[in-house]
Amino acid sequence: MSSVINVLFVVLVFVPSIYSAPPPNLTKDYYQKTCPDFNKIVRETVTPKQGQQPTTAAGTLRLFFHDCFMEGCDASVLIATNSFNKAERDDDLNESLPGDAFDIVTRIKTALELSCPGVVSCADILAQATRDLVTMVGGPFYEVKLGRKDGFESKAHKVKGNLPLANQSVPDMLSIFKKNGFTLKELVALSGGHTIGFSHCKEFSNRIFPKVDPELNAKFAGVLKDLCKNFETNKTMAAFLDPVTPGKFDNMYFKNLKRGLGLLASDHILFKDPSTRPFVELYANNQTAFFEDFARAMEKLGRVGVKGEKDGEVRRRCDHFNKLNV
């Protein structure tokens, strides 16, 4: 196992709004007439990208979560900072969002603009790409309804308090999830997305330096200490969130929590806290139950704060508003 944990990633990796019901035009076949090749183009773009960069799936899942929890699934996290506005993606909590996730959205948008210009929103691209990538690495299939519009605002100063942190308690995390309409069980199910991906050393350094958290598996802690010994000077150093099957979407994340192999304090607390432990036990013992609950939670996540025609647009470029906003 230690050989798996020792793999390093030099990279860039789990955001907020009030939950609202989907607008009437959010449908599975939204682009059937206006962009009939939408599904095909997304699928044919994500497949080679995931093959070339195996961390793309985890990064895109994280990017989607950060987008939806930050005032809805409206692609606001994709906006680039300019001289007038510091955008969400440049807030400290988003600084480690991986470049490969932004890149796959850009690639898909470019391909779609050639096939059906001005039709498909960046928000829908991110939602569809996330689902396709999750299933590519073994995760459950879930329905993605389409018709989201891209938002008009992206403010870095609004991010704080809307994203769960690496060292938060269950009550603190739950307060964030509840703002978006999610239950305690759904919090645990969505946390299972940590079965793929990684986290930078600074996010869990307090568990290994200066003293090791006694609830952390001793051998695992030793590997992490060696891995992260220079993390203050080399900020790219990272470890897998699931050190056993890091590239496979399965229920190993929950099994790991029972063995002291939860990387983040906010991972470990799910097993330690009596309110969430039964769900960890359920998912560790029953992958089917985890997949079913994760799929339902992802469908629900995709409906958070959706923008319609009146409060959104279809961006020409995913990192810029069509008109300058300040």
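Backbone N, Cα and C define each Cβ position, glycine as well.
The substrate binding site feature in Swiss-Prot is assigned to Pro164; the stated evidence is sequence analysis. Pro164 (substrate binding site) falls within neither a helix nor a strand when secondary structure is assigned with DSSP, and so counts as coil.
Per Swiss-Prot, the feature disulfide bond maps to Cys35-Cys116 (among others); the stated evidence is sequence analysis. On its own chain, Cys116 (disulfide bond) has Tyr31, Thr34, Cys35, Asp37, Phe38 as residues at least 6 apart in sequence with a Cβ closer than 8 Å to its own Cβ. According to DSSP, Cys116 (disulfide bond) sits in a coil region rather than a helix or strand.
According to Swiss-Prot, the disulfide bond annotation covers Cys68-Cys73 (among others), on the basis of sequence analysis. Residues within less than 8 Å, Cβ to Cβ, of Cys73 (disulfide bond) and separated from it by at least 6 positions along the same chain comprise Phe64, Asp67, Ala123, Leu126, Ala127, Arg148, Leu301, Gly302, Arg303, Val304, Gly305, Val306.
Secondary structure at Cys122 (disulfide bond), as computed by DSSP, is helix. Non-local neighbourhood of Cys122 (disulfide bond): Ala75, Leu78, Val105, Lys109, Asp150, Arg315, Cys318, each in the same chain, at least six residues away, with C-beta under 8 Å from its C-beta. Residues or ranges marked as disulfide bond in Swiss-Prot: Cys122-Cys318 (among others).
The disulfide bond annotation in Swiss-Prot covers Cys201-Cys228 (among others). The secondary structure of Cys201 (disulfide bond), as reduced to three states from DSSP, is helical. Non-local neighbourhood of Cys201 (disulfide bond): Leu224, Leu227, Cys228, Phe231, Met237, Ala238, Ala239, each in the same chain, at least six residues away, with C-beta under 8 Å from its C-beta.
Residue density at Asn25 (N-linked glycosylation site): 14 other Cβ atoms are found within 10 A of its Cβ, drawing on all protein chains shown. Residues annotated as N-linked glycosylation site in Swiss-Prot, with sequence analysis given as evidence: Asn25 (among others).
Sequence annotations record features per position, and here Swiss-Prot assigns N-linked glycosylation site to Asn167 (among others) based on sequence analysis. Around Asn167 (N-linked glycosylation site), the same-chain residues at least 6 positions away in sequence with a Cβ under 8 Å from its Cβ are Asn206, Leu264, Ala265, Ser266.
Taking Cβ-Cβ distances under 8 Å and a sequence separation of 6 or more, Asn234 (N-linked glycosylation site) has no neighbours in its chain. According to DSSP, Asn234 (N-linked glycosylation site) sits in a coil region rather than a helix or strand. Per Swiss-Prot, the feature N-linked glycosylation site maps to Asn234 (among others); the stated evidence is sequence analysis.
Asn286 (N-linked glycosylation site) counts 14 other C-beta atoms within 10 Å of its own C-beta, drawing on all protein chains shown. The N-linked glycosylation site feature in Swiss-Prot is assigned to Asn286 (among others).
What Swiss-Prot lists as signal peptide is 1-20, and the listing cites sequence analysis.
What Swiss-Prot records for Arg62 is site 'Transition state stabilizer', and it gives sequence analysis as the kind of evidence.
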Most Cβ neighbours inside 10 Å, all chains, among the disulfide-bonded residues Cys35, Cys68, Cys228, Cys318: Cys68
